[in-house]
């Protein structure tokens, strides 16, 4: 893996996580000011973003992959699993945790995913635990905690259902990151993410069809927010996150995903004029620290390269 590929991988995951966080803040404004249903927004953004990604693929040389992925039972089955247990599960479990509790707890529990990814790769003997792994995981958990709670434990007092959904969200995010690798070995990231979004959106559409909304009450501003959530908060965010796995290991990608709550909090402070506490500054420094550690990390050694290849080979066999 050369330095330029690694830099591009860092660019993709940082941009993707940032867009996801900003998109979450914009979505929050839609929920609060326009009373848009969560399930409607998730269904609509998945279906629309998925179709746009596949349309992009049709303008590329390897456009045949859009149909080719469905011609083989193995890849078709993998894509269905990824769309339902990966793409849809990440969205639904996270939203369910918010519904039963609050966004702080939901996000904190979802960011157990880097720990789950590292434990999985250790158990499969696909990597070794390093001092950097321990430092970055601690920084991710501490950083997210301070960012989302400002050091107040009162926000962590939620019903058991919120905790269960939050933990499931963490496992779903880990599965999403690990499972994608096998598909990326065979198909372009546009194809993988595009079809996964359509599968997830179609399944959720049975609960809340995208046409069930009072469109007349929406203003031009609301439509602009919805468009932003679809293009940047969904399409770019998920595509770039998955594409980064072509150049980075799953544990690096999942750790850098902690930029999502940082970008969400910063956007809330700057745009929605929310206060930013002293403990949140500590959290921000922790998250920035992760980015610097991984960005300044030298290009992987041959042993690291082999561990990444092992993950991909195991993923191919397991799925």
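Every residue number used here counts from 1 along the chain in the order it is shown.
Cβ atoms here come from the backbone N, Cα and C positions, even for glycine.
Features of the protein shown, as given by Swiss-Prot:
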TRANSMEM  8-28  transmembrane segment
DOMAIN    18-149  domain 'EamA 1'
TRANSMEM  36-56  transmembrane segment
TRANSMEM  79-99  transmembrane segment
TRANSMEM  103-123  transmembrane segment
TRANSMEM  134-154  transmembrane segment
TRANSMEM  163-183  transmembrane segment
DOMAIN    171-296  domain 'EamA 2'
TRANSMEM  187-207  transmembrane segment
TRANSMEM  222-242  transmembrane segment
TRANSMEM  255-275  transmembrane segment
TRANSMEM  276-296  transmembrane segment
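Here the transmembrane segment (79-99) sits against the transmembrane segment (187-207); at least 3 CB pairs are under 8 Å, leaving out pairs fewer than 6 apart in sequence. Touching of the transmembrane segment (103-123) and the transmembrane segment (36-56) is ruled out by the presence of fewer than three CB pairs under 8 A, sequence neighbours closer than 6 excluded. Spatially, the transmembrane segment (187-207) is not adjacent to the transmembrane segment (134-154); fewer than three Cβ-Cβ distances between them are under 8 Å for residues at least 6 apart in sequence. For the transmembrane segment (276-296), the partner stretch with the most Cβ pairs below 8 Å, chosen from 36-56, 134-154, 222-242, is 134-154. Distant neighbours of the transmembrane segment (36-56): 27, 30, 66, 87-88, 91-92, 95, 98-99, 190-191, 193-198, 200-202, 204-205, 207-210, 212-213, 222, 226, 229-231, 233-235, 238-239; these residues of the same chain sit at least 6 beyond its ends, with a Cβ under 8 Å from one of its Cβ atoms.
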